[in-house]
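One structure below.
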Amino acid sequence: MISNSTPSMGRVAVKPVHGSVPSKKIRGKLPKKIHKAEREKLKRDHLNELFFELSHALDPTRQNNGKAAILSDTTKLLRDLITHVGSLKRENTALLNESHYVTVEKNELEDDNAALQGDIDRLQSQIQESIQRDPSSLPEPNCTALPSQNSSVAPVFVVPLNQDLQQALLDIAAAPLSSSPKPSPPHITRPHARYPTPDSWSLEFLCRNMEASGGALNGWHGVDEA
């Protein structure tokens with residue numbers, strides 16, 4: 001009986017061992033799926049962060065209106081920037097051309113200055129040589145010629161005057177001048193005497209006076225004789 005039971009027990013013990021192998025394979029595949037989902041979630045989170053930063057860069061006060069609106073605004077901004085960059089490139093090209101033209105002009109002016117300096121040196125050397133050959137050819141300094149000055153002072157004429165006239169002119173000059181002429185003094189008549197003048201005496205009045213004066217003289221003579 002022992003020999004018959006042992007094989008059956010071995011078969012029963014072997015079956016569970018072979019049946020547990022597929023469960024191990026399933027357990028080995030589950031962590032890979034979990035890691036893939038986590039990676040996808042991490043990617044989405046990272047994209048969300050990028051969209052948030054992009055939205056904040058476009059307009060800090062703007063609320064999040066969705067990824068489509070953010071992408072549309074970003075595309076419009078990029079087009080404007082590309083257009084602006086193109087205009088800046090054209091301006092840069094124009095400025096480079098102008099800079100080249102200015103450089104050419106500067107070189108030409110430097111050449112002209114060098115030529116003029118050479119002419120000046122040549123003329124100075126010729127002048128020095130002519131002076132050394134004939135010193136008398138130097139122009140004499142014109143000391144008598146004075147610069148003419150425009151004077152607004154009227155010419156003064158000196159007229160000899162006598163002493164009284166000079167004194168009268170000095171008094172007139174010392175007196176204060178006025179713009180308006182002084183009013184002439186009123187005409188004052190000399191008052192007439194209230195008694196009659198000898199010219200206006202009548203002949204009768206003169207005879208009486210003469211008689212009276214004659215009687216007075218006779219009286220004085222009588223007194224003297226007494």
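Sequential numbering from 1, following the chain as shown.
In case you wondered, yes, glycine gets a Cβ from its N, Cα and C as well.
Annotations in TrEMBL come from automatic prediction, not curation.
The region 'Disordered' annotation in TrEMBL covers 1-25.
Among the features that TrEMBL reports, domain 'BHLH' is placed at 31-81. For the domain 'BHLH' (31-81), the mean pLDDT of the prediction comes to 83.
Sequence annotations record features per position, and here TrEMBL assigns coiled coil to 106-133.
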**Q.** Helix, strand and coil totals (DSSP H, G, I; E, B; other) for the domain 'BHLH' (31-81)
**A.** 43 helix, 0 strand, 8 coil
